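K.L.:
One structure follows; several queries about it will come next.
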Amino acid sequence: MKVDIDEAFAFARKLALENGEIVKNAFHKPKNVDTKSNPSDLVTETDRLVEKNILDAIRAKYPTHKLIGEESFVGPMSITLTDEPTWVIDPIDGTSNFVTGFPYVAVVIGLVLKQEPVFGVVFNPILGEMFTGCKDKGSFLNGEKIAVKSTKDINNSVILSGFSSGRNYEHLAKVRNNLESVLMNPAIGIRMLGSTACAMTMVAAGRADAYFGARFHIWDIAAPSIIVTEAGGVVSNLAGNELNLMNRQIISACTNELINDIARKITPIEIPDPDGKLE
Ligand code: IPD
Ligand code: CA
Ligand code: CA
Ligand code: CA
């Protein structure tokens, strides 16, 4: 199936802008908040509205394309990523930030072809920052080209991290050990923004050196991955090997050397429930 990438990319940017406006307008207003799998796993009417708007628009324009959107997966559903053109949507990445008013939220839209992201759009409407990246065409922030830093080891670097809203204590213990392993080095610091997509774009734009963590989903990482790699950065799994979008873990960093340094110092976390078998 041949896809006009430039046209689809422009369409994705337009959808992100339009729906970002909805997120921005709702940001300072009272919200209807529901919980999903546990009390810290939040969803609002705006998450659902934005996802519906984006999926309806894509369905109308590309009726044969596959769609994966966070709020369409509820309960014990499984995700299948095929070789077909697949749009991967996170209507609001950083829902807890959206609810509490912390300005790291993004509308995230990516297109995956043959299991590889071909473009990604991460739009933070609160800060007015639109990050985009397209295969072989570079990455941009509001139309200006961006590039990663050149840091090669943990020392002197700012590392971002995060973990899922699921409160799995066995998993949290592993996360804590990995954060300690990184902090035992003279890294400048660790930051957690509460939005994987926003954090990865900080690496792409040279504002931070790396991001790592586990238990994310394909909609958290597909679009920002291509933005990082097209800005000259690298993505991998927690062992420093090839990234699999469905395996719920990532290191993204400005250089291969930094990925290897992080991978050497942390312990890979086995994810018992890859995206093919959502909990
Ligand atoms: C979450 C954010 C957070 C990450 C979680 C994600 P959501 O996405 O990206 O940074 O640590 O794993 O689930 O639920 O706000 O779209
Ligand atoms: Ca969520
Ligand atoms: Ca997300
Ligand atoms: Ca979300």
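Cβ atoms are placed via backbone N, Cα and C, with glycine included.
Reproduced below are the annotations present in TrEMBL:
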- E70, I92: Mg(2+) 1 binding site (BINDING)
- D90, D93, D220: Mg(2+) 2 binding site (BINDING)
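I'd like these features described in context: how deep, what's nearby, how far apart.
P.N.:
When Cβ atoms from all protein chains are considered, those within 10 Å of I92 (Mg(2+) 1 binding site) total 33, not counting its own.
Taking the Cβ of D90 (Mg(2+) 2 binding site) as centre and 10 Å as the limit, one finds 33 other Cβ atoms among all the protein chains shown.
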K.L.:
Using the alpha carbons only, what distance in Å do you get between D90 (Mg(2+) 2 binding site) and E70 (Mg(2+) 1 binding site) once rounded?
P.N.:
6
K.L.:
My understanding is the cutoff is Cβ-Cβ under 8 Å with a sequence separation of 6 or more in the same chain; which residues meet that for D93 (Mg(2+) 2 binding site)?
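P.N.:
Those within reach of D93 (Mg(2+) 2 binding site), by Cβ under 8 Å and sequence separation of 6 or more, are V105, A106, V107, V108, V122, S195, T196, A197, C198, W219, D220.
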K.L.:
Judged by the number of other CB atoms within 10 angstroms, which among E70, D220 is the least packed of the binding-site residues?
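P.N.:
Output over binding-site residues E70, D220: least Cβ neighbours within 10 Å is E70.
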